[in-house]
Amino acid sequence: MTVPATPHSRDKPNGVKAELPPAGGVVTQASGDLEAGPVSGEAIPIPPDPRTGLDPKQSPNAREHGSKDALDDQTSRLPFRRLMAAYLCLALIYFISTLDINSVATALPAISRSLDAGSSITWVGTAYLMGQTSFQALYGRLSDIFGRKPVLLASIGCLIVGDILCGFATNVTWLYVCRALSGVGGGGISSLVQITVSDLVSLKERGKYQGMLSGAIGLGAGTGPFLAAAFIDGDSTDGDGWRWIFRVPPILAAVCLLAMSMALPLKPVTGSWREKLAKIDWFGLGAAVTAVVFVLVPINSGGSIFPWNSALVIAMLSIGFVFFIVLAVIEKRFARIPIIPLRLFTQRSTAAIMVQSALYNSVWQIDIYFLPIYFQQVRGYSALQSAILVLPLLLLQSLAGVASGPIMSKIARYGPVLYSGMALWTLGAGLKILFSLDTSVPVYVLVLAIEGIGIGLVLQPALVALQALSRKEDRAVATSVRNLMRMLGSVFGMASSTAIKYAVTKAALPTSMPLALQAVVMDGTWVRGDPAFVEWEAAVIDAEMRGIRAVFIMMAPLIGACLLGCYFIPDSILKGDEKGQRPQDSHPAEKGS
């Protein structure tokens, strides 16, 4: 018996579809989901395996280890009004999480003065990143086992508690520990929002809703610095205005938590707490957290707090990479339900997206960090002028991200959006190599606008591509692993770019320059107009320009590799729901909620 053909497929025995490339490209059916199958015709039941009695639709891992390891389908279809209410809650908490990150980053100097943190204040960001990254791979699998809603609400709770405690911090240790807790919550929010949206809408509609999340991210990124400035600049008394930066997000998040508890569907996940806890890959979790922590700490601290060639840095990196190998062995040989299924890296298309995620996020992070340095240190613009010059990048990124979703839904494909975005991003990154000591403002606007559009057309469409090309039971964990790869890419990208900039700038400084000035330049505290070294200012600016241009040159091949990687990512037809699938107001488990 065969499955009725669609315009883009031909039947093979047992309902296997043959790939039919359209003119100009290769298009495959998105696999592993009713959304990617035929939109009409009767569903054909598949009998249990006669040898095991198990449902062949279960995940390969469940078929191997038994039905008790099967993962429940958490797809939900809601009436439009309730879908909008749920989606607004998801967008709001995404906005709050982004607001939290960007407002705190702006307030670091004020926090450092208040708590006498000195150079260790960078650990505010490091602690958050460690909390965010260490458990990133686990969020998807935990939501498979316990359900999306409980894990998302728990993540919001971690953010609320962590930020409240940060607001009352009286010393740096207190602040750093609590900021790590906020990172655990923020990491869970970023993954669970994306995963939950994928449960609520079909593949065809997914791009529309995932793309609109870019607007929430852009709004949070743009609002955060202004919120921080308002509290810090408006505080003329005890210098503790920064504490309100940690109090506003919890207030907003608490309101969102209450609304989300009513608006989000709660599809029941079968099994007792004992059975659910038994499904967790505890050894894989331990290996993953150990590996990430032992790699992140030296990468973030090397060259600043600890010398790169110190025994501590070398030892921690070695231990971290060993535990990554241990993690791979555990996931391959022993895990009943792996937190990181290795098939995500053995399937060519999903592996390409994972590598791309690490590379392009490192490029994006380098952009956000070094563009203000270039505008202020090299060109002499004020902080406000610098923010305005970066605005074309951020604004066009947000607008293109919002537009990418409806485009994908309209054409029912992600390929054209993703491929063109990569091309524009590569073009924009390459053109930044032309930035010099006298580049005009219109050139800045044009180049950063091109790059911003490219970024917006990549970030969410790449996630839709990953979900479309992954097995249905892997989509949640694939989303989490992608976020982990993005964060690791950011860490390694910042470390390598900072090292390159440091080396090139140091080599470009004249040997006759006073050692005191060299030290100030290399530790990043040099400012233009220093009357003590006026005669050396041009030489310092030239050296800074050489260092930053080396970073821009480094970025071009990284994003270029992402463009080449699109060759390994086939374009898939994004299907809607089957006929007869109706939205439901609620699931049995949520009556009265």
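Every residue, even glycine, has its Cβ placed from backbone N, Cα and C.
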Matching range for TrEMBL feature annotation, transmembrane segment, among 487-504, 505-522: 487-504
Distant-in-sequence neighbours of the transmembrane segment (443-466), which means Cβ under 8 A and at least six residues beyond its ends: 194, 203, 206-207, 210-211, 213-214, 350, 353, 356-357, 360, 364, 367, 371, 389-390, 392-405, 408, 414-415, 417-418, 420-429, 431-432, 434-435, 478-479, 482, 569, 572, 574
Cβ pairs under 8 Å between the transmembrane segment (351-371) and the transmembrane segment (487-504), at least three: yes
Candidates 85-108, 244-266, 383-405; stretch with most C-beta pairs under 8 Å toward the transmembrane segment (213-232): 85-108
Cβ contacts under 8 Å made by the transmembrane segment (417-437) with residues that lie 6+ beyond its boundaries: 207, 360, 363, 374, 378-379, 400, 404, 407-408, 443-444, 447-448, 450-458, 461-462, 465, 541-542, 545, 548-549, 552-553, 555-556, 559-560, 562-563, 566, 569
Beyond the flanks of the transmembrane segment (244-266) by at least 6 residues, Cβ under 8 Å: 76, 78, 82, 85-86, 88-90, 92-93, 96-97, 99-100, 103-104, 107, 147-149, 152-153, 156-157, 159-160, 163-164, 166-167, 196, 200, 227-228, 231, 586-587, 589-590, 593
